[in-house]
Amino acid sequence: MQQGDGNRNLQNGRRIARNAVLLYLRMFLLMFIGLFTSRVVLRELGVEDYGVWNAVGGVVTMFTFITTSISSAISRYLAFEIGRSDSGRLRKVFATGMAVQLLLSLLLVLLVETAGAWFLNAKMVIPAPRMDAARFVLHCSLGVLVLNMLSVPFNAAIIAHERMSAFAWISIGEAALKLLVALLLSVSVFDKLETYALLMLAVALLVRVTYGIYCRRNFEESRARPVFDRRLFREMAGFAGWSFFGSGAGVLNVQGSSLLVNMFFGVAMNAARGVASQVEVVVKQFAVNFLTAVNPQITKSWASGDRGYCYSLVAKGSKFAYLAILLFMVPIAAEADYLLRLWLGNVPAGAAEFVRLSMAALLVDMGGNSLLTLQLATGKVRRYYLATGLGSLLCLPAVWLAFRLGAGAQWAYICLIGTYLLVFALRLYFARRDAQFPVGRFLKEVVFRLLVLTVLVMLLPLAVRALLPEGAFRLVLVCLLAWASIALAALGFVLTPGERAFLLRKPQPWMPDRLYLELSYWKAFGRPLNLKSPARYTEKLQWQKLYDRNPLYHVLADKAEVKSYVA
């Protein structure tokens, strides 16, 4: 690898780390707000209305594969053109994406107001006194989804440009507004379910406006009006069309299973699935935050032709996403019943088992997410989505058959786990076929080691669960043992030497850069670091390391080449 490529990859790695830290700070705030919000909403709505909210919302969510497919297309093309440094085509991608979103929004309204309304009235098991409220929820949920669709190009632009601070603050504001909505339910004199649906629509509208204002002020391409570039539209439509099929199959797996649970077991089990979904969303963010930081770099490195760096990012993405989920899966698997009682008080029947199974499914799904990003970067998606989509569609008939044969509601998750394993195998096949990804090394150095780690770290927490009575002491002990086991095992045989060095490089990840440099300089040279007017070579080098404004910085690493400059 050339020196310039190495320096650029180092800068990209630092950017990934910085963005990941911002996203994790965002996530912790969102997790706290989200868990409290869910508790308040469940308390104010009650189990029946909470089940109606999740079941009817699932009807609309079935159509989100439209949003997911075009979102992945826009994100991929924006990141790809940024990697190629083509500003003209970047503007065309954004403008065409906006036009497509407007058309798809109209299509979505037509689908939900016809097929969705029919399914709600004819097939869903909703208590008769709550049917009018359920219809109102359907309309409001549709409005939320349309507004989210219109926000997709702006959201994609923020992520593609790696402006994670803006993404974090907007998300925190959205979560705070949702908490305010939940608190307002206690003083509402109207139907609480209808009030909640209407206020959630208002939050979505405000978030859409905020995204639009920020992007128009910061990204030139976002000021373009929606237009159709026929050639680009055909290219993006082909990409999004197959993504539409693949992501649609995935959404049908999850939401279709919820509807089957509703049809066979009623809204009480939907409430339990709703609780599991809330936990899944929170835990999933621990993986999504890192992947959100690393995915644009996967696409950009592929576009620039740096295959080796691209492959290493895919491996890191899979590894750290899996470990992030595992950090929470192990304590949750051991203490799900106790945690849910602490959180909710009144826990729907079956929720604890659903939570455990959803964590296992999440491990498999998120562990292979970076492979999907690699496939999207290649642009070769037709056969990939055809295979993975058809494989995913096997889940629903399997769930239906299991329920018909008398299986319990938990089999919806068991079938989903099997489907995710099949999709993971297909992702590996296409990554090797279309991107020449080193699958053998990936299986040996990432997958096998993660599986061994998972088995080992489950032993101590489960032993503690079997030996000690339920309570706060056992919960704390299980968490400490689980996290210590995962950290030691990961450092011992999962992470590469470079990854270990990055995580263990003294306190730098938890300390402001300037303070870290000043302390390190004092330790090395026994004198304070002068960054205001650096005179010595070593001070100039540290100044450039901190601010990275001079193109000669990387040459400064070899003093002999720039002796006159630093003299």
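Using N, Cα and C of the backbone, Cβ positions are placed for all residues, glycine too.
In TrEMBL this protein carries:
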type	residues	note
TRANSMEM	21-41	transmembrane segment
TRANSMEM	53-79	transmembrane segment
TRANSMEM	100-121	transmembrane segment
TRANSMEM	133-154	transmembrane segment
TRANSMEM	166-190	transmembrane segment
TRANSMEM	196-215	transmembrane segment
TRANSMEM	236-253	transmembrane segment
TRANSMEM	320-342	transmembrane segment
TRANSMEM	384-403	transmembrane segment
TRANSMEM	409-430	transmembrane segment
TRANSMEM	450-468	transmembrane segment
TRANSMEM	474-496	transmembrane segment
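Across the candidate stretches 133-154, 166-190, 450-468, 474-496, the maximum count of CB pairs under 8 A to the transmembrane segment (196-215) is reached by 133-154. Proximity of distant same-chain residues to the transmembrane segment (450-468), defined by a Cβ-Cβ separation under 8 Å and at least 6 residues beyond the stretch ends, is recorded for 319, 322-323, 326, 330-331, 333-335, 363, 367, 474, 477-478, 481-482, 485-486, 489-490, 493-494. Distant neighbours of the transmembrane segment (474-496): 319, 323, 326-327, 330-331, 334-335, 338-339, 445-446, 449-450, 452-453, 456-457, 460-461, 464-465, 468, 503-504; these residues of the same chain sit at least 6 beyond its ends, with a Cβ under 8 Å from one of its Cβ atoms.
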